[in-house]
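Pulled from Swiss-Prot:
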{"type": "REGION", "residues": "1-21", "note": "region 'Disordered'"}
{"type": "REGION", "residues": "26-51", "note": "region 'Binding to TMEV Leader protein'"}
{"type": "REGION", "residues": "229-242", "note": "region '2-5A binding (P-loop) 1'"}
{"type": "REGION", "residues": "253-275", "note": "region '2-5A binding (P-loop) 2'"}
{"type": "REGION", "residues": "714-735", "note": "region 'Disordered'"}
{"type": "REPEAT", "residues": "91-120", "note": "repeat 'ANK 3'"}
{"type": "REPEAT", "residues": "167-197", "note": "repeat 'ANK 5'"}
{"type": "REPEAT", "residues": "201-234", "note": "repeat 'ANK 6'"}
{"type": "REPEAT", "residues": "272-301", "note": "repeat 'ANK 8'"}
Amino acid sequence: METPDYNTPQGGTPSAGSQRTVVEDDSSLIKAVQKGDVVRVQQLLEKGADANACEDTWGWTPLHNAVQAGRVDIVNLLLSHGADPHRRKKNGATPFIIAGIQGDVKLLEILLSCGADVNECDENGFTAFMEAAERGNAEALRFLFAKGANVNLRRQTTKDKRRLKQGGATALMSAAEKGHLEVLRILLNDMKAEVDARDNMGRNALIRTLLNWDCENVEEITSILIQHGADVNVRGERGKTPLIAAVERKHTGLVQMLLSREGINIDARDNEGKTALLIAVDKQLKEIVQLLLEKGADKCDDLVWIARRNHDYHLVKLLLPYVANPDTDPPAGDWSPHSSRWGTALKSLHSMTRPMIGKLKIFIHDDYKIAGTSEGAVYLGIYDNREVAVKVFRENSPRGCKEVSCLRDCGDHSNLVAFYGREDDKGCLYVCVSLCEWTLEEFLRLPREEPVENGEDKFAHSILLSIFEGVQKLHLHGYSHQDLQPQNILIDSKKAVRLADFDQSIRWMGESQMVRRDLEDLGRLVLYVVMKGEIPFETLKTQNDEVLLTMSPDEETKDLIHCLFSPGENVKNCLVDLLGHPFFWTWENRYRTLRNVGNESDIKVRKCKSDLLRLLQHQTLEPPRSFDQWTSKIDKNVMDEMNHFYEKRKKNPYQDTVGDLLKFIRNIGEHINEEKKRGMKEILGDPSRYFQETFPDLVIYIYKKLKETEYRKHFPQPPPRLSVPEAVGPGGIQS
């Protein structure tokens with residue numbers, strides 16, 4: 001709808017003189033608003049000045065100016081004369097966003113009533129909520145949250161800026177960087193803001209805070225973010241970690257705080273190859289050096305030489321007890337690799353004289369080759385005195401760039417290969433990552449004890465749980481692997497499962513198809529692992545989804561694969577949900593879930609019209625189940641004894657309903673260990689195994705019926721950070 005022209009006389013076009021008057025009145029209106037002269041504003045509006053006039057440079061309208069000045073009276077006056085509350089400045093800011101900057105709740109309320117969108121943003125992605133957080137306006141923040149503001153919205157900026165990895169910050173990041181403690185606590189405690197959200201550079205609120213030297217209250221803010229679970233190994237500009245940033249700040253308290261966190265990577269290197277300890281020595285920070293040494297920081301750099309170069313005798317004296325030989329490299333005999341498979345070759349490489357490529361010693365020879373790749377190969381290497389696998393790419397290789405970008409952005413994670421550094425030399429890129437012992441394909445071929453114990457395949461569950469966790473981590477950082485296969489899943493010397501080979505990975509911006517590819521590959525990997533690699537993965541890739549589902553050995557595996565093949569709309573969070581799938585439950589947990597549901601009062605008293613029994617009822621069009629006539633499948637002596645309890649009390653015996661079956665399982669669990677039930681226990685054996693084998697589709701049936709209801713409270717909940725259970729096999733699988 002066009003804005004009416006209040007300055008055009010009836011009956012024809014305006015004269016040149018009247019046009020000059022209009023322009024002058026428009027300019028005067030803006031100046032009157034800026035001065036807060038409400039009388040003059042009213043006079044000009046009544047005279048016909050344009051309420052939507054804007055100055056040429058930045059596009060400020062009278063309404064923008066009135067909101068900035070906090071003049072409710074002038075705002076109302078302008079709105080009554082046709083001022084457009086949706087008009088944007090040249091940077092896309094609306095009057096509503098300006099009100100967020102000012103933290104004026106009254107003006108926010110007025111503009112919302114005029115149709116403003118609570119989540120509208122300018123060209124840099126700033127919303128009123130983000131502006132309130134950035135400026136510490138707690139009252140405005142609470143008001144906007146109550147009106148539906150998106151707490152975790154990321155700044156959506158222009159395509160050109162996204163290419164430069166700009167934008168993507170959240171309100172929490174702004175509040176943390178600016179040192180607004182009250183707003184930070186409100187966002188985390190009351191509004192449940194995502195503490196580890198990442199911007200387009202992969203930075204979270206913690207690293208943005210530590211790298212901003214102007215941030216106030218930095219120690220308290222860091223403590224709050226860490227307590228709420230912020231990733232302490234995240235990387236920021238130039239590959240800096242929070243620990244490195246704290247050392248560069250020369251802030252001993254921050255260093256102590258970070259070193260106290262479990263999982264801190266004390267030896268992480270920035271893009272220049274510097275560790276926190278090296279920086280502390282170079283900056284002559286004796287107290288921080290002491291802290292890092294006591295925490296076991298790696299002493300592989302020329303630390304004593306650096307201290308001597310700086311003529312810091314006290315620091316030299318501090319370092320000497322921690323450095324085995326400050327003047328020479330350790331002899332080959334004193335260097336022992338962790339790898340058993342590659343140990344002999346690594347010792348040979350360590351002892352030979354080779355020209356160093358930066359911090360890397362490598363010999364491009366078949367004796368030290370791990371595997372071939374599409375562009376080159378993977379070789380053994382020693383990087384900074386650490387055994388590594390080195391992927392060799394052509395210089396400026398798109399695949400190599402993808403590999404480095406993904407590894408850096410995703411940071412350290414126990415289910416991804418660790419990234420130690422890169423070197424460039426003579427047209428080649430050398431990417432150094434953690435060295436592993438086997439591919440998944442090789443590992444499944446190793447001789448081991450029978451992995452399936454009493455029908456429960458803990459071995460497969462352990463491996464797949466690690467793989468799922470690694471892929472989930474990848475997706476949370478905005479990457480899709482695109483090449484999940486047994487050759488790209490590795491097992492290290494500690495039997496930990498690690499995802500590798502990210503040279504085909506894609507940075508996705510919400511395109512679900514990228515993630516669907518990973519989920520489909522995961523579905524095939526589930527079947528591959530469960531079947532112990534008996535069917536080659538390439539063969540599984542040629543089979544359609546329906547054929548693969550029919551190959552599943554049990555209902556839990558079948559449903560898990562189906563969920564991966566058909567994730568629905570919630571593609572991004574699919575793996576988060578599936579980590580709680582019955583496939584990953586132990587048999588004891590499955591049995592406990594059935595007992596707990598059976599312990600619901602509606603089931604115990606057979607309340608036929610209850611919501612729970614209605615949910616559990618078998619629908620007419622559903623396929624037949626193993627438990628449809630369940631009373632006939634229970635051992636007759638056990639069934640008779642359990643029914644006898646009700647017959648004595650002249651109550652109905654157990655019926656062929658799901659509710660009664662759950663009630664039966666509950667009662668068995670409550671009484672089977674009683675002395676008088678010894679005979680029953682001898683017949684049933686382990687109840688968890690008995691019911692799983694007798695009714696193999698019962699657990700998945702209950703799960704699918706109740707997973708979207710309040711009764712999911714009976715399901716075992718995965719811990720915040722899933723750890724992989726001990727597996728049978730050569731040494732077990734670790735997380």
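The backbone N, Cα and C atoms fix where each Cβ goes, and this holds for glycine too.
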Within the region 'Binding to TMEV Leader protein' (26-51), what mean pLDDT does the predicted structure show? 92
Taking DSSP helix as H, G and I and strand as E and B, the region 'Binding to TMEV Leader protein' (26-51) has 20 helix, 0 strand, 6 coil
For the repeat 'ANK 6' (201-234), the distant same-chain contacts (Cβ-Cβ under 8 Å, at least six residues beyond its ends) come to 165-166, 168-170, 172-173, 176-179, 181, 184-185, 188, 195, 240-243, 245-246, 249, 251, 253-254, 257-258, 261, 263-265, 268, 408-412, 477-478, 720
Please count the residues of the repeat 'ANK 3' (91-120) that DSSP assigns to helix (H, G, I), strand (E, B) and coil. 17 helix, 0 strand, 13 coil
What are the DSSP helix, strand and coil residue counts for the repeat 'ANK 5' (167-197)? 18 helix, 0 strand, 13 coil
Of the residues in the region '2-5A binding (P-loop) 2' (253-275), how many are helix, strand and coil by DSSP? 7 helix, 0 strand, 16 coil
